[in-house]
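First up is the structure itself, then whatever we jot down about it.
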Amino acid sequence: MRIRFTKMQGAGNDFVVLDETRGALGLDATQYRFLADRHFGVGADQILSVRPAPGEGVDFQYVIHNADGGEVEQCGNGARCFMRFVREHGLTDKDQVRVQTLSGVIEPRMGADGRVTVDMGAPIFEPQRVPFDTAGLDPQHDNGWHTWHLTLGTHAESAKVSVAVLSMGNPHAVQIVPDVDTAPVAKQGPAIEHHPRFPQRVNAGFMQIVDRSHVRLRVFERGAGETLACGTGACAAVVAGIRLGRLDSRVDVQTHGGLLTIEWTGDGAPVLMTGPAVTVFEGDIEVPDAP
Ligand SMILES: N[C@@H](CCC[C@H](N)C(=O)O)C(=O)O
């Protein structure tokens with residue numbers, strides 16, 4: 001099957017975007033993996049499918065697959081690219097749309113400066129809704145909130161990390177590190193992603209606090225490995241930092257791929273994420289038939 005695609009990036013987190021508004025392409029996990037493959041396919045951290053509204057009150061549906069082929073609930077950098085895509089392809093002339101995702105409705109809005117702001121909804125803190133299994137674990141109380149000690153690996157090789165756990169529609173475990181450049185992302189990332197306390201796996205964030213309104217962040221993403229930026233990871237890290245009393249309500253997040261601005265005024269309020277969304281190129285590709 002030959003399909004048309006658009007390659008996009010948001011702060012270096014890159015996507016293959018598919019227009020499925022006139023009918024679903026019916027791709028399976030092996031075909032999503034093929035599109036994401038940087039040697040044999042197009043190359044991307046996630047595949048984003050733009051689909052028609054599933055019902056009243058929303059403009060579109062947004063379906064996200066990680067590079068490993070698994071469907072996921074949310075993708076922040078992708079949401080900004082989604083907005084630019086529907087505008088550039090004439091699928092809407094609105095400046096702001098309501099989009100149904102697997103984890104709820106988000107609202108991206110085009111800014112006059114070309115950046116996109118997304119209302120990502122309110123963060124979720126209840127461990128069972130992350131999901132995060134806390135059986136037999138004691139929270140480490142810290143400034144009115146808490147973190148959790150996780151043991152990674154076994155025996156002599158084991159390490160203990162302290163993580164804040166929350167969901168932005170998708171699961172995140174965030175640790176505060178002294179320096180992101182030396183943080184053990186490649187070693188600890190996979191161990192945190194697959195830690196048995198996260199039954200649906202987890203995105204692992206490493207945040208360096210520069211001052212109350214600036215952080216540096218690296219994220220080892222579930223199903224994609226370390227990416228140049230993770231939008232929901234930036235939201236989760238800033239929310240964790242605010243709840244732990246270390247950050248103000250508006251924070252610039254420097255990632256390896258670009259700058260994101262995150263705003264959150266506290267419990268129950270939605271998280272606002274602002275950043276770039278760029279079209280890289282468009283093309284056609286022959287996708288091998290599903291086995
Ligand atoms: N890159 C994304 C997050 C994509 C999904 C994530 N890997 C997961 O499995 O939850 C972002 O910008 O938020």
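Using N, Cα and C of the backbone, Cβ positions are placed for all residues, glycine too.
When secondary structure is read from DSSP and collapsed to three states, CYS75 (active site, proton donor) falls in the coil class. For CYS75 (active site, proton donor), applying a Cβ distance below 8 Å and a minimum sequence separation of six or more within one chain yields GLN46, LEU48, ILE64, ASN170, GLY231, THR232. Here TrEMBL flags CYS75 as active site, proton donor.
Sequence annotations record features per position, and here TrEMBL assigns active site to CYS75.
Neighbour density for CYS230 (active site, proton acceptor): within 10 A of its CB lie 34 other CB atoms from the protein chains shown. Residues or ranges marked as active site, proton acceptor by TrEMBL: CYS230.
Positions annotated as substrate binding site by TrEMBL: ASN13, GLN46, ASN66, GLY76, ASN77, ASN170, ASN203, GLU221, ARG222, GLY231, THR232. According to DSSP, ASN203 (substrate binding site) is assigned to a strand segment.
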(message) Between ARG222 (substrate binding site) and CYS230 (active site, proton acceptor), how many Å separate their Cα atoms?
(response) 11
(message) Taking 10 A as the limit, how many CB atoms besides its own sit near the CB of ASN77 (substrate binding site)?
(response) 36
(message) To the nearest Å, how far is the Cα of ASN66 (substrate binding site) from the Cα of CYS230 (active site, proton acceptor)?
(response) 12
